Structures are given as structure tokens and as C-alpha cells.
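Colleague: Sharing a structure here in C-alpha cells format.
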Ligand code: FES
């Protein structure tokens with residue numbers, strides 16, 4: 001629930017404004033915006049020309065009267081353009097492009113944890129601390145990171161390279177303990193391989209993902225068992241989607257499920 005200060009700030013102007021609250025650590029990011037020197041609604045944000053091509057492509061996936069469906073991919077694009085975090089000026093730009101009130105975009109950005117509304121380091125480490133990772137040594141991994149980088153949970157190194165944040169399950173429990181660094185998963189970690197990974201990042205050369213889009217740091221290919229078998233015996237069929245579903249432009253909400261091939 002928003003604090004009374006935040007509620008008043010939103011109600012008074014219809015948009016998020018500065019409050020005098022101190023910025024809290026990233027682990028407890030408030031659901032309301034707090035102005036900081038590098039993050040105010042008055043600052044300038046616009047997509048690059050190249051990204052405007054992507055904006056066009058994203059919006060073309062939705063009917064003209066459902067532009068707001070593009071809010072999440074557009075926020076993601078803005079965050080990537082802005083070095084991994086999402087200033088309020090970028091949210092305002094997305095609101096302008098999708099034709100909605102800024103508060104509609106703020107409520108999306110503050111709901112999904114994939115959006116970082118405070119500045120993060122070049123390598124944003126999200127460390128899973130949920131039960132399977134915890135019983136497989138995530139606390140050791142956390143202490144290793146904290147000691148090696150000289151930061152605590154929720155903090156960023158002075159050189160702006162690393163931010164550490166403990167999070168809940170990231171869905172790679174079979175290869176616990178693990179971290180997500182920016183878009184990538186590093187799994188089956190030990191304190192030694194964690195340090196190896198941090199040093200590789202400092203050298204600007206983080207290890208590439210493995211064949212299946214993650215990197216178990218113990219030599220596994222994926223989350224195979226000791227015999228290397230998987231549970232799939234054939235390639236699953238792709239979902240059926242009609243590629244011409246929006247060719248006529250607007251879609252009647254009454255038939256939207258049909259158009260989406262549900
Ligand atoms: S418990 Fe760590 S990924 Fe699920």
C-alpha cells in the first residue's frame with residue numbers, strides 16, 4: 001500500500017512527484033517515486049532513432065486501439081537503453097507513446113520486479129535466497145559476494161560496476177545455488193566459481209551462456225541428472241497463432257480472444 005505521503009503526492013497532481021523521504025536500499029524500493037539528482041520528471045528521456053524502429057515494431061504487434069498492451073515491452077526497451085534502470089522521465093515517454101496517463105505506466109513499472117526504478121550497477125546481481133538455494137549454500141555465495149566486492153545486500157559498488165540484491169526463487173532450483181546477472185543465469189555456484197565470475201566481469205569478459213541459455217558453473221550442460229537424460233522425448237509443437245490476426249486494424253474487445261488464438 002502507498003504511504004500517505006505518496007498517496008497525497010499522486011492525488012494532488014495526478015502524477016508522481018518528489019517527496020522528502022530518503023532513498024531506501026534497493027531491497028526495499030518504495031512503490032512511489034522519490035526524486036534524486038539523476039531521476040526527476042523534468043529530466044529528458046527519448047528513445048534513440050534505432051530504438052524508435054523497435055518501438056514501431058512492438059506497437060505493430062497490437063491492434064491500434066490496444067497500444068497500452070505495449071507498455072511492458074516499451075518499458076523494457078527504455079530500461080535497456082538507459083543502462084539497466086528506468087527513470088521516471090522514461091516512464092513518462094512510454095505513457096506519451098501509448099496514449100495513457102503516466103500513472104498507468106507507473107503502476108506497471110512498480111508492480112514488476114524486472115523494472116529497476118533506481119540506478120543499478122553495470123552488472124546487476126540478483127541472488128536467489130529461497131529454500132532450495134538456501135539449503136545448497138546461497139548464504140555462502142552472498143557472503144562471498146559481499147566480502148569480495150565490499151558491499152551489502154541492496155548496495156552498489158563505488159565504481160558503479162556491481163549491484164547486489166537478494167531475491168526470491170528465480171526458477172532454476174534444480175541448479176541451486178544460482179544468481180541472475182542482468183539477463184543471464186549462473187548456476188551450480190560455489191564460493192570459488194562466484195569469485196571467478198566476479199573477476200571475469202571486472203575484466204569486462206563475463207562467461208557466455210551455455211547451449212540452453214544459462215551457465216551451470218560446474219560443467220553441466222543444463223539441469224541434467226547424473227545419466228544426462230531429460231524428460232522430453234520429442235520437440236513440443238509450437239502454439240497455433242494466426243499471423244493475419246490484426247491485419248484489419250482495430251479489434252473489437254468482444255472478439256479479442258479469437259484474434260489472439262486462445
Ligand atoms: S530456490 Fe533458487 S532458483 Fe528456485
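Backbone N, Cα and C define each Cβ position, glycine as well.
What TrEMBL shows for this protein is this:
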type: BINDING; residues: 128, 133, 169, 173; note: [2Fe-2S] cluster binding site
type: COMPBIAS; residues: 241-262; note: compositional bias 'Basic and acidic residues'
type: REGION; residues: 232-262; note: region 'Disordered'
Colleague: Output, ordered by sequence, the same-chain residues six or more apart from residue 169 ([2Fe-2S] cluster binding site) with a CB under 8 Å from its CB, or 'none'.
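Modeller: Those within reach of residue 169 ([2Fe-2S] cluster binding site), by Cβ under 8 Å and sequence separation of 6 or more, are 128, 130, 132, 133.
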Colleague: Provide the number of Cβ atoms within 10 Å of the Cβ of residue 128 ([2Fe-2S] cluster binding site), excluding the reference atom itself.
Modeller: 27
Colleague: Using a 10 Å cut-off on Cβ-Cβ distances across all protein chains shown, tell me which of the binding-site residues (133, 173) has the largest neighbour count.
Modeller: 133
Colleague: Cβ within 8 Å of the [2Fe-2S] cluster site centroid (128, 133, 169, 173 excluded): which residues?
Modeller: 129, 130, 131, 132, 134, 138, 168, 170, 171, 172, 176, 177, 178
